[in-house]
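Heads up, the thing below is written out as structure tokens.
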Amino acid sequence: MGKSESSVGMMERADNCGRRRLGFVECGLLVLLTLLLMGAIVTLGVFYSIGKQLPLLNSLLHVSRHERTVVKRVLRDSSQKSDICTTPSCVIAAARILQNMDQSKKPCDNFYQYACGGWLRHHVIPETNSRYSVFDILRDELEVILKGVLEDSSVQHRPAVEKAKTLYRSCMNQSVIEKRDSEPLLNVLDMIGGWPVAMDKWNETMGPKWELERQLAVLNSQFNRRVLIDLFIWNDDQNSSRHVIYIDQPTLGMPSREYYFKEDSHRVREAYLQFMTSVATMLRRDLNLPGETDLVQEEMAQVLHLETHLANATVPQEKRHDVTALYHRMGLEELQERFGLKGFNWTLFIQNVLSSVQVELLPNEEVVVYGIPYLENLEEIIDVFPAQTLQNYLVWRLVLDRIGSLSQRFKEARVDYRKALYGTTMEEVRWRECVSYVNSNMESAVGSLYIKRAFSKDSKSIVSELIEKIRSVFVDNLDELNWMDEESKKKAQEKALNIREQIGYPDYILEDNNRHLDEEYSSLTFSEDLYFENGLQNLKNNAQRSLKKLREKVDQNLWIIGAAVVNAFYSPNRNLIVFPAGILQPPFFSKDQPQALNFGGIGMVIGHEITHGFDDNGRNFDKNGNMLDWWSNFSARHFRQQSQCMIYQYSNFSWELADNQNVNGFSTLGENIADNGGVRQAYKAYLQWLAEGGRDQRLPGLNLTYAQLFFINYAQVWCGSYRPEFAIQSIKTDVHSPLNAQVLGSLQNLPGFSEAFHCPRGSPMHPMNRCRIW
């Protein structure tokens, strides 16, 4: 929804101390670097958010005379020995960069292999992972820190933090989880009307009083499962100061709709059906019912048949990019008239959801419908399938979500499905699973522990200064765009200058006298012996905290993500960029490393998020976060034409791991626009910083110019590899291009890159035609 970068000669290489007559200190450092290569900690992060070729618009793709002058100065200054940084931070950074590179590759042929070839050679995907990247490594290291603070019992903390620690201990209490086995799940099944496949005579005992409206409402409000119909509360796209009810098409049991009907996904479907059948059979036996495998298989096949119809009824994500086309506001009467769904009572359904938080529907209540095509198709599906199959499906979606909270035998039932879907053969080690779960559900409490243990508070002000530098470049770059008229440029400038930022963490999580943190989790009462029930509390708390907002004014200062997260975000409804503390660490950012790394790391991230405000989705929202068309017809038309260039460019990248499928340039357009804009803005901001007198430092053992160091650090945050199964899933579902395409596509379009590495026109990294939007 609208809620939610002539080969004049390669660089000089120094293969040994004697060739360049290095000084004693430099030689010593190079020896030290060699020793560090095997042990250097790679701590980077990455954030991961088809058409035919159209004539390209040349949007001032030159490098300005001023930028050329600065680059020449960079090249000149980079040859001086006095600027070599020999601090421990710089030595570690140099070791990391050297280890990740493959200097046998030519940067003008394939810069991704040149920058990341060493990383790809040295890292094997763990059996527990479907993907392994510098982002995953940084997340792993963050989880080690969180494990330490969650297990530390030496200090008594405030109630919110103690609850997080109790939740963690309950997750780690595997002996009790094994002893209780399926008991907690069976108790839940009784609460939600039973699971027909795991009981006898459901049609006679439960069927007569079964109501779809009430079942959907219970799953939504008590278990945070929005099945069949996705009803949720969010900022009104057209009035960002208020909340509104949204109705949309739902998610499915498998990650992508294509898995349900594409021929090449038959193995995944078979494993999914076997997973469903195994779980239902296990529960029947636990209830002392006959296994009746054939009966269970038949009933679950009907569930898969139903879900396949639902998948076909949904609209593919690539056709849902235009939020202005999705948004349809209507009253309850119109909703009922247009989508009767064979007698489905919309007022009853919505009121049952809201009554869980004591909110009453108003006579003139309006809803925003995003999923009109889906709702039009849903009526026939509801008419075809009986109540028993519908109930089997609804309960299955809850069971699927709760499997990870049960004993080991239930996890073993999903092994083949996970192997077919992700390529993984092992479950994640238990403590990591528990750390991730607690951080996801109690992000403010866990974030407070992380900040106290691992975050430098002065990073906030330094990053804020970087944001202003890169925002200024974005505004300056508007003057270079000949596809945009002055009226639209002025509006774009206003929006850019009004982008708000959140950096690191909200202050209240560290303020002992501020009770907001404890109040956030006041309704939760955890027990170390009741992990499954603790999870149900979290589901209910998350659902009801969201539902309560319907009658509340939007809090523009509310943090949309926790502090201990290795990612960054842009919210179009708030015109807000967010940089959690988890990403504000080396090598993305450090006051102790060269500025080339900071601008190529967190600077690129900042530019990426700013540009999201002007991608194919963000551009539909104004400076206040309202969905408003502030574009002239001329500028809007040319934005679409410029976008076609990028769609075509990225659609020509194929992914060998994903059976050589081509990237969907349309689905990935928003992220590609942000990648391109982000690296362009960060590089220009770096050149401006140098032009204004900034003095950078070189890294020992690396004969790289400042500009080359910038681009290598930018590329290396994307180093990573995928299992083939997950690559196939990602190319269907991920809005990001594959990692190598993210690097190659954005740098092919940037003149400053080809100048820094002397790439001749016509070489792979300096194509004859380039795309530019921002």
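Placed from the backbone N, Cα and C atoms, the Cβ positions cover glycine too.
The Zn(2+) site recorded in Swiss-Prot includes HIS608, HIS612, and the single candidate from GLU533, GLU552, GLU671 that the record places there is GLU671. For CYS759, the disulfide partner recorded in Swiss-Prot among CYS27, CYS85, CYS90, CYS108 is CYS108. For CYS434, the disulfide partner named by Swiss-Prot among CYS171, CYS719 is CYS171. Looking up CYS719 in Swiss-Prot gives a disulphide bond to a cysteine among CYS116, CYS645, CYS771, identified as CYS116. Here the glycosylation sites are ASN203, ASN239, ASN633, ASN652, ASN703; the one with the fewest Cβ atoms within 10 Å of its Cβ is ASN633.
Taking only the Cα positions, the spacing between ASN652 (N-linked glycosylation site) and ASN312 (N-linked glycosylation site) is 27 angstrom. The two recorded residues ASN703 (N-linked glycosylation site) and ASN345 (N-linked glycosylation site) have their Cα atoms spaced 70 Å from each other. When each of the glycosylation sites ASN173, ASN312, ASN345 is scored by how many other Cβ atoms sit within 10 Å of its Cβ, ASN312 comes out lowest. Here the candidates are the recorded positions ARG131, ASN239, ASN312, ASN345, ASN633, and by Cα distance the one nearest ASP675 (active site, proton donor) turns out to be ARG131. All protein chains shown were included, and the count of other CB atoms within 10 Å of the CB of ARG131 (peptide binding site) stands at 19.
Here ASN173 (N-linked glycosylation site) is compared against the recorded positions ARG131, ASN203, ASN239, ASN345, and the shortest C-alpha distance is to ARG131.
When the glycosylation sites ASN203, ASN312, ASN633 are compared by Cα distance to ASN239 (N-linked glycosylation site), the shortest distance belongs to ASN633. Mean predicted confidence for the topological domain 'Lumenal' (48-774): the pLDDT average there is 94. All protein chains included, ASP675 (active site, proton donor) registers 30 other Cβ atoms within 10 Å of its own Cβ.
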